[in-house]
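These features come from TrEMBL:
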| type | residues | note |
| --- | --- | --- |
| TRANSMEM | A:20-42 | transmembrane segment |
| TRANSMEM | A:62-83 | transmembrane segment |
| TRANSMEM | A:90-110 | transmembrane segment |
| TRANSMEM | A:116-140 | transmembrane segment |
| TRANSMEM | A:149-167 | transmembrane segment |
| TRANSMEM | A:200-220 | transmembrane segment |
| TRANSMEM | A:250-271 | transmembrane segment |
| TRANSMEM | A:283-316 | transmembrane segment |
| TRANSMEM | A:328-348 | transmembrane segment |
Amino acid sequence: MFNQYTLVRRSQVSFKGILLVPLVTFALALLGSIVLFGALGANPLEILYRLLIDPLSSTYNISEVVIKAAPLILIAQGLAIGFRAKVWNIGAEGQLIIGAVVASIIPITFPDSQNVLMLPLMMLAGMFAGAAWAGIAAVLKTRFNANEIIVTLMLNQIAIQILFLLINGPLKDPMGFSYPQSVSFPEVAMYPLLSPEGLLRANASIYVVLLLSVVALIYVTRTFSGYTLLVGGLAPDAARYAGFSAKKAVWISLLIGGAAAGLAGMGEVSGPIGRLQPSLSPGYGFAAIIVAFLGALNPIGIFVAGTFMAIIYVGADGAIIDAGLPPAAPTIFQGMVLVFYLASFALVQYRIVRLQPEATA
Amino acid sequence: MTDTIIFILAGAFATATPLLLAAIGEAVVEKTGVMNLSVEGMMAFAAAVAFGVTHQTGDIVLGFGLAVLASTALSLVFSVLVLGFSANQIVSGLAVGILGLGLSGLAGRHFENLTMIGPGNQSVPVLSDIPLLGPILFQQSVITYLAFAAAFLTWWFLGRTRQGRILKVVGEDPAIAHNLGFAVVRIRLFAIIFGAVMSGIAGAYASTILTPGWSDGLIAGRGWIAVALVVFGTWRPLRIAFGAYLFGALLLGDLAVQAMGFRIPSQIMTSLPYVMTIVVLAAVSRNALLIRLNAPVSLGQNYRPSK
């Protein structure tokens, strides 16, 4: 039974197919979620409404979507550059945490500062820290050939413990009783809010994300370095023959991915959170992996996919409270998205061919 | 003091058990050329199911059985993607792993932070009375004995049987294996299912015997450590067993250090196994020749029969 069919790579992948993949994927994952959670007793129509309509139904909810879209898109743009080169940075969550921790040291040290340079300084600190944390994996990969998937994952676990250690120690608010959290950041350490009245939480970090998305687009489509990374991933032998260094690809991929995740971490503490605390991200670092693939590793696609994923995040928050959706639902949904993406992408990439019976022997 | 040492060493074997089970399973999968990175998710889903079922019914055998079914179901999704759709193995493993973590949260949602009394250990008659070695080696859970037996049997199967050699040919060169008339896809499927069964037992053991209880994130990276152990053991079952017991001792380092009266922040102790995983992985991988000689050549590459 297994040997009767095979897949043959299509000579030309249709553009329409590429566009259809994310749509079909989302539709299937939504359908899967409705069936699963409906079977568990939630009202399917209510879930659909909460997930897709509710997040866009008020200015406040749209602002919440923007808050969640910013880190997802930012991290995914960084990771995608590595994924194109087949460098598997799975450690964005840890890079986000380290970026946030290091950036936080500045406002925690100068809580009464009114120096407007603090925010840009924190952005730099977050980027450098995230890149340095990912750089550990780059050193180990290039010098010792250590698998970057396992190293970046282990670094996630270590990053969490570093955060816990510091937030219970030197970075803890001395006046904060037993709560493991830092002092509130001064205004100069925060991204300015988009709405002047301060009723909405969305902040200027989305402009940074937009700008960097454009930079990513230029990088992958217009520069030699971005092209090299792509070739290195698709045809490592050809790339090596042409003089492209695999080591350089590892370094560039991990440093860019780490910097993006670190900046996203800084954006959380300088945005919706406003201080350093033990929980910084609802798994943005992992969700961004899915966003990167769903966006076909293309900066524009990632922007769209990240926005969709943010809508689902905000919708799921509401549905967990109001429609009896289990808290694990967003993770299950993300898993389903990636599974359906891989399957539907394969159908665009390959044709199913029936093998001749005598040829299998 | 002797009691403390015995307690810690015996604990190391118990702690190593889920690592060993999952790593042996993954080693067999990788020997066929398939890298299944969903071990963590499979273990988590199995752990939640095993705890929930055992807690509700009091039947630990049923708990293990359904846990194995749960991890196997996940591995079938992985198989459809990788063997059926020829999808990227790394991304497919991550996808199924995320799905497994989500499903573990779903299955365990009514059992969060619950604990129960485990089934206790089984002493081996006569052997368990040996001073020192008896309490360390022969007063363990059945599953701990099973894990060691699995490592030994896998070593024997891969190195000493015809089927084991066929399995390795598939991993070395699937095209040649296909031309020799071996059903590459079917052999890979069986290996993936074997890996899932082992991950399932590992997860179930973790939540019902080792630390009988459930909370989200219970597996805490142990599935990934198992994946790293396969590289550490250079795909050889007995070396993997050695590595697993080493890490079992490390995971217990917290207790040992406390017993010796040192005061080290718990976060540092918690990080230690992850740091060690990285260090050990780098040390072993550094020897490129060692890796190249032992790693299955087709690891990570899908096979599509062309004719």
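Cβ atoms are placed via backbone N, Cα and C, with glycine included.
Spatially, the transmembrane segment (A:20-42) is not adjacent to the transmembrane segment (A:200-220); fewer than three Cβ-Cβ distances between them are under 8 Å for residues at least 6 apart in sequence. It is A:62-83 that, among the stretches A:62-83, A:283-316, A:328-348, forms the most Cβ pairs under 8 Å with the transmembrane segment (A:200-220). Remote same-chain residues near the transmembrane segment (A:149-167) are listed as 88-91, 93-95, 97-98, 100-101, 133-134, 136-137, 140-141, 180-182, 254, 276-278, 280, 285 (criterion: CB distance under 8 Å, separation of at least six residues from the stretch ends).
For the transmembrane segment (A:116-140), the residues of the chain that approach it from at least six positions outside its boundaries are 89, 91, 94-96, 98-107, 110, 146, 148, 151-152, 155, 159, 186, 188-191, 208, 250-251, 254-263, 265-267, 270, judged by C-beta separation under 8 angstroms.
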